[in-house]
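**Student:** Sharing a structure here in structure tokens format.
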Amino acid sequence: MLPHAKDVESVGEAVQLAEVQGRSLWADARTRFFRNKAAVFGLILLVCVAIFAIFGGFFTQYERDVVDFSLMGANAYKGVPSFETGHYFGTDASGRDLYARIVQGTAISIMVGVVGATVAVIVGTLYGATAGYFGGRVDGIMMRTVDVLMSIPFMFVLILMLVIFGRSMFMLFLGIGLISWLDMARIARGQTLTIKNKEFVEVAHAIGVHPLKIILRHIVPNLLGIVAVYATLLVPQLIIFESFISFLGLGVQEPNTSLGALLSEGASNMFNGTIWQLQFPLIAFVFTIFAFFFVGDGLRDALDPKDR
Amino acid sequence: MLSFIARRLAVAIPTLLILVVLSFVLMYAAPGGPFNSERPLPPAVLANIEAKYGLDQPFWKQIANYVVGVVTQFDFGPSFQYKDRSVNDIIAQGFPVTLTYGAWSFVVAAVVGISLGAAAAIKQNSWLDYMAVGFTIGAQVLPNFVMAPILVLIFTLWLGWLPGGGWNGGQWENLILPVIALSTSYMASIARITRSSMLEVLNTNFIRTAQAKGLSPSRVIFRHALKPAMLPVLSYLGPTFVFMITGSVVIDIFFSTGGIGRFFVDSAFNRDYSVIMGITILVGSMTILFNLLVDVLYAWIDPKIRY
């Protein structure tokens, strides 16, 4: 039995409609992401934390590094958090406004995380994609190098570097940049190994596209999903790493501060009755880390092809 | 198997050498020697001191001496700050302490983490599972330097149950807080990895077969499911052990336990390079050895690994 002309027409229409409604990988992922309550919560939290870090300084009359001598050493009873004095989060032992310091600490911590993750994305992706694409001996040498670098206890080497070349923001960034790309290189390489056998890469190779262009134009865009997930999850790890170093007093130096340095200060003043010095940095730290973890997990669920 | 171990050793030994050379070069490249102080020493005195520590010799001779000393006699040389102590003395004093609470933390993190993760997977979607998942999510924002002040605040300042520091020869009261602080976030990671890997294994065909042929649930889990489910966990245990040793830096400072972490940070501030290098190399070689051990175990458990 032949199908009726009308049916055929409607099928054609349906096909056309389907084409119009076609969804890209990213649109698909976006839908899934926004259906995930924890991820949306994380995103809102992240936006709040970012607004706090960028614009928080406008809501206080105090500067983060101005010492109020009338409060110095007396902050246990004069520097109590209150809206009347304008010290919303109280003051630290030197009489500096804790709110302004937490704003800066959050900003620096996030900056360390984001810069480190950016380095990881750029260096790690290109390195991993190159190793994976060329394969063979090139791959062997490149990945063995990563293996060797990974088995070095970098926390100690970074501290060694900070001691020898002086404790500065630049050294901190350099040190974090040096380690952050290693995992990313491995992940990017693994993914490249599966991509490079796909037809489109073969076609590009067959028509004589330069290998560098194949990597940049055909492989790297296909890595972006997994790279985005991993980069988002790397940010909180790097923030924790930086806080660890700053907690020891080796990271960000006075008068600048970071969440780790503030936590350390709060912890050492814990017995002096200035509990807010620990409490507010702790809340800022927990919110920041949670926000990144939730968004990263949400992205992973949204982009992971396993669950489709 | 033997050739696999030999090949892994062939990578491990050069890695160690690279670590030794790298830290030596970093030290050598440092602007200003360890004896440059605020009040400059007379040149003759400085020359004498440098001769005593062998710092007047050419670079290649220094590095060769150092590497030979480390490799053949485990001799990390004298401390630049404490005249009467060598780096070996400092390590001998601090390392047993670090190893004690580090090993305890490792055991607690592994045992509790694995049991919690496995139990959560077996009773999926029960209250136990939700609690375990909640714990793993919550604990990832509690690294050791966050846990330590919170614990001291609660158990020392408010409740007064446990001492907030000190070592006291390793009494259990002094051990509890450092161990909890050090193990919590890794316990959570181990539990999460165990849970997801166990869930995956429990859904495979061979487990269904085992259940279908009428094996008791405990036999299915312990005999068939646990071993393959342990593989991803095992590869996480290597790094965990290293983090325990690294975390000692925070624990020693916060709890005054007197492990190598304290000496490490002190010498970092005093520019006592030989101590920093000695500890870095020690931790590095432990890292490499432990990773090797995990790799061998991995290859032994998983028959699919080609070695």
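Heads up, the Cβ atoms here are built off N, Cα and C, so glycines get one too.
According to TrEMBL, the protein carries these features:
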DOMAIN    B:95-294  domain 'ABC transmembrane type-1'
TRANSMEM  B:9-30  transmembrane segment
TRANSMEM  B:101-122  transmembrane segment
TRANSMEM  B:142-163  transmembrane segment
TRANSMEM  B:175-193  transmembrane segment
TRANSMEM  B:233-255  transmembrane segment
TRANSMEM  B:275-301  transmembrane segment
**Student:** Please indicate, using numbers and ranges, the residues of the same chain that are 6 or more beyond the transmembrane segment (B:233-255) and have a C-beta under 8 Å from a C-beta there.
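**Tutor:** Distant Cβ neighbours of the transmembrane segment (B:233-255) are 94, 97-98, 101-103, 105-106, 109-110, 114, 117, 144-145, 148-149, 152, 164-166, 174, 177-178, 181-183, 186, 189-190, 193-194, 197, 261-262, 264-265, 283, 286-287, 290-291, 293-294, 297-298, 301.
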**Student:** For the transmembrane segment (B:101-122), what are the same-chain contacts with Cβ under 8 Å, counting residues 6+ beyond its ends?
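**Tutor:** Sequence-distant neighbours of the transmembrane segment (B:101-122): 128-129, 132-133, 135, 175, 178-180, 182-184, 186-196, 198-199, 202, 221, 226, 229-230, 233, 237, 240-241, 244-245, 247-248, 251, 257, 259.
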**Student:** I need to check the long-range neighbours of the transmembrane segment (B:9-30): which residues 6 or more away from its ends have a CB within less than 8 Å of a CB in the stretch?
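**Tutor:** For the transmembrane segment (B:9-30), the list is 59, 62-63, 66-67, 70-71, 271, 273, 276-277, 280-281, 284-285, 288-289, 291-292.
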**Student:** What residues elsewhere in the chain lie close to the transmembrane segment (B:275-301), defined as a C-beta under 8 angstroms and at least 6 residues from its ends?
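**Tutor:** 1, 4-5, 8-9, 12, 15-16, 19-20, 23-24, 27, 70, 76-77, 79-81, 87-88, 90-91, 95, 227, 230-231, 234-235, 237-238, 241-242, 245-246, 260, 263-264, 267-268, 307.
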